[in-house]
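As annotated by Swiss-Prot, signal peptide applies to 1-24, with the evidence given as sequence analysis. According to Swiss-Prot, the feature disulfide bond maps to 54-67, 61-72, 66-79.
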């Protein structure tokens, strides 16, 4: 009877240990793609900002000219889409 209780306890402890190891491994795997994607997009955004000499949509246009397809709003000093009612 004691031997059966000990074997059940060891089996239960082994399953708990296996669960903890699997959870830790899975959480590491989930973090890796997130870190990889965030580093790719961070580098990509930095590259785009260095490449531009013009201001994009809803960016300040006091010192920079707006990119093609946008006009500088005289009221807000932001680059906006051109429209007939904006003069």
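Just so you know, glycine gets a Cβ as well, placed from its N, Cα and C.
Positions of the features from Swiss-Prot, shown on the structure.
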{"residue": "54", "record": "disulfide bond", "Cβ neighbours (10 Å)": "13"}
{"residue": "61", "record": "disulfide bond", "Cβ neighbours (10 Å)": "22"}
{"residue": "66", "record": "disulfide bond", "Cβ neighbours (10 Å)": "20"}
{"residue": "67", "record": "disulfide bond", "Cβ neighbours (10 Å)": "15"}
{"residue": "72", "record": "disulfide bond", "Cβ neighbours (10 Å)": "17"}
{"residue": "79", "record": "disulfide bond", "Cβ neighbours (10 Å)": "22"}
Distance [Cα-Cα, Å, rounded] between residue 54 (disulfide bond) and residue 66 (disulfide bond): 5
Residue 66 (disulfide bond) in three-state DSSP notation: strand
Residue 72 (disulfide bond) and residue 66 (disulfide bond), Cα-Cα, nearest whole angstrom: 6
Residue 72 (disulfide bond) and residue 79 (disulfide bond), Cα-Cα, nearest whole angstrom: 5
